[in-house]
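K.L.:
If you scroll down you'll find the structure; I have some questions about it.
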RNA sequence: AGCGGGGUAGGGGAGCCUGGUUACCCCGCAGGGCUCAUAACCCUGAGGUCGGUGGUUCAAAUCCACCCCCCGCUACCA
C-alpha cells in the first residue's frame with residue numbers, strides 16, 4: 001500500500017512549541033513510522049510556511065529581508081525536527097521553487113476552469129508604512145463597547161469578532177499612524193460552486209467524527225468564496241491576468257504544499273514522474289495530521305482546490321485532528337512565555353522521553369493539560385518502571401539464568417506458555433489496529449498493558465527460582481518474556497524509535513535484517529541464539545523539580561546573551 | 001449568540017457512537033508478597049448517587065429532552 005503522510009506546515013516565524021508538535025508533526029511521524037513497519041511505501045512530507053505579513057513585518061523589524069529571516073528559521077526548525085527523530089522524507093519550505101511553480105500552475109488551472117473571480121474590497125492602508133494591513137495589524141476603538149485598543153479581528157474587551165473596517169479611529173499597529181481605507185481588487189476562489197461536491201465528499205470519506213461534524217456544519221451554514229490574493233510583497237506572485245503586485249494568500253498556498261512537497265521529493269530522487277503514483281493513483285492513500293483549528297482547510301478548502309484544478313487527485317482519506325494541549329492550565333503563549341518550546345525541551349530530556357509523554361497524552365478526545373507533574377509520572381512510572389525495567393530484568397535474566405546464551409525453540413514450549421504467547425500476539429494486533437486508526441493514546445495504553453502483563457508474568461512464574469529447581473522451565477518462561485520484549489520493541493518504534501532500537505540492539509533482535517524491525521515479525525525464532533550485549537537500563541527517572549529549575553536557568557541565560565525571540 | 005468539544009473515586013484519563021455480567025487504566029493512599037530487575041516488580045483493599053432533572057427501556061455512564069458549569073472556534077492570525 002502506498003501512503004502519503006503529511007502534517008500541518010509550521011509557520012516559520014518562530015520555533016514550534018510542544019502543543020504545535022503533538023498536534024501535527026509528531027502524530028504524523030508515529031503514523032508514518034507505523035506504516036513503514038508494516039511494509040507500506042510511505043512518503044512523509046511537510047514544510048515551513050514562510051510567507052505572509054507577520055513574517056514580513058518581523059523581518060523588517062529586525063532589519064533583514066523576509067527571505068533571509070524565513071530561511072534561517074526554516075533551517076533551525078528542520079534541524080530540530082531531525083533531533084526530535086521526525087522521519088520526514090521531505091521537509092521543505094514554501095519558498096521552494098517547486099512549490100512556487102506548482103502553486104502558480106495550479107491556480108492557473110483553477111482560473112481556467114472558472115473558479116476564480118474578482119471583487120473590489122475596502123482594506124486598511126498605512127500611508128507611512130506604504131502597505132495594506134491585515135486585520136491583525138489594525139487597532140482602534142471597538143464599535144460595540146467603546147474599548148480601545150480593540151484588535152482588528154476581535155475586541156479583547158467584549159470578545160466580539162470584528163471587521164477591521166468597523167473600527168473607530170483605526171490606526172496602524174506598526175507605526176501608530178492613522179490608516180486609510182483604500183479600494184483594492186482581490187481574486188476569490190468560488191468555493192460555493194463546489195458545495196455539492198464537498199458535501200458528497202464528506203459523506204463518502206472515512207474521516208473522524210469530529211472532522212465530519214465540524215465540516216458539515218460549515219457547509220450547511222453555506223460556503224463563502226475564499227479570498228485568494230493579498231496586497232503584500234512577501235509571497236507567491238499571483239498568476240492571474242491583471243493581478244500584478246498581488247500575492248497568493250498564505251493559507252490558500254501552503255495547503256498545496258502537500259502536493260508540491262511530494263513532487264519535489266521524487267524530483268530529488270531522480271524519479272520525477274513517480275509522484276503521480278501517489279497523488280493520482282486511486283490505490284494510494286492520503287493522510288493529514290492537524291490541530292482542530294485547521295479542520296476546514298483540510299476537509300473543505302483543500303479538497304475543493306484539488307477538484308477545481310480538474311486533475312484527478314486523490315482526496316484526503318484520513319484527516320486526524322487533535323484538540324489543544326494546554327500547559328499547566330493555560331494556553332501556550334509565545335508572548336507570555338507559557339509553555340515549552342521544542343528547542344528547550346531537547347536541552348532538558350532526550351527526544352524519546354518527550355515523544356512518549358506527548359503521544360501518550362495526545363489530545364484526541366478533548367483538550368489535555370500538560371504539566372511537570374504529568375511528565376514526571378509518564379516517564380517514571382510508565383516508561384521507566386513498567387517498560388524500561390521490564391526490558392532490563394528480562395535481558396539480565398537471560399544472562400543469569402541462561403548463561404548469556406538463550407536458544408530454546410518454540411517447539412519445545414509447553415502448551416501453557418504457548419497460550420501466553422498468543423495473548424502477546426493478540427495485544428500486538430490490537431495495538432496495530434490502533435496505530436492504523438491514528439488512535440495513538442490507545443496504542444500507548446495497550447503498550448503499557450503489554451509491559452504490565454509481561455511484568456506480571458515474570459512475577460508469577462519466578463524464573464529466578466525455577467533456575468534452581470527446574471532449569472528447563474525457567475528457559476520457557478524466558479522465551480515468553482523475550483517474545484514480549486520483542487513485541488514491545490516493535491510496538492514502541494513509532495513512538496520512541498531510539499529506545500526501541502536500543503532494546504533491539506541489546507537483545508540482538510532482527511539481526512538478519514540488520515536490526516531493522518518489522519511489525520509482523522515478533523517471534524524470536526529467527527533471533528536464536530539470543531546473546532544480549534551491553535545490557536544496561538534504557539531509561540532513567542527524571543525529576544520535575546530539577547527540570548523546571550533547569551528550564552528557568554536556561555531562559556535566563558538566553559535572555560541575557562541574546563535578544564528574545 | 002451560534003457551532004464544536006468536555007463534565008466519570010483525592011488527582012489525571014478510557015468506556016458512551018454499536019445500551020446489559022463485579023464501571024476499566026495510571027498516579028496517590030492502606031495492607032501484603034517477591035527479592036530476577038532500575039528504592040523496581042506483583043497481589044489485595046479503601047475510595048464512585050458516571051454534572052443536574054425528567055423521559056425511553058426488562059435494563060442507561062451509554063439513547064432522548066431540558067438545565068447548569070468549563071474550554072475552543074466563528075471564516076483577514078498563520
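Each residue's number is its place along the chain shown, starting with 1.
Quick reminder: no glycine exception, Cβ is built from N, Cα and C everywhere.
Predicted automatically and left uncurated, TrEMBL annotations should be read as such.
Sharing the features that TrEMBL gives for it:
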| type | residues | note |
| --- | --- | --- |
| BINDING | A:142, A:145, A:155, A:158 | Zn(2+) binding site |
| BINDING | A:334 | ATP binding site |
| DOMAIN | A:4-395 | domain 'Methionyl/Leucyl tRNA synthetase' |
| MOTIF | A:10-20 | motif ''HIGH' region' |
| MOTIF | A:331-335 | motif ''KMSKS' region' |
K.L.:
Taking DSSP states H, G and I as helix and E and B as strand, how many residues of the motif ''KMSKS' region' (A:331-335) are helix, strand and coil?
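P.N.:
The motif ''KMSKS' region' (A:331-335) comes out at 0 helix, 1 strand, 4 coil.
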K.L.:
Go through A:142, A:145, our binding-site residues, and report the one whose Cβ sees the most other Cβ atoms within 10 Å.
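P.N.:
Max Cβ neighbours within 10 Å, all protein chains included: A:142.
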K.L.:
Pop the Cα-Cα gap between residue A:334 (ATP binding site) and residue A:142 (Zn(2+) binding site) into the table, whole Å please.
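P.N.:
Just about 25 Å between their Cα atoms.
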K.L.:
Can you tell me how far the Cα of residue A:145 (Zn(2+) binding site) sits from the Cα of the residue listed as 'ATP binding site', in Å?
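P.N.:
Answer for this pair: 28 Å between alpha carbons.
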K.L.:
Could you give the number of helix, strand and coil residues in the motif ''HIGH' region' (A:10-20) as assigned by DSSP?
P.N.:
3 helix, 2 strand, 6 coil
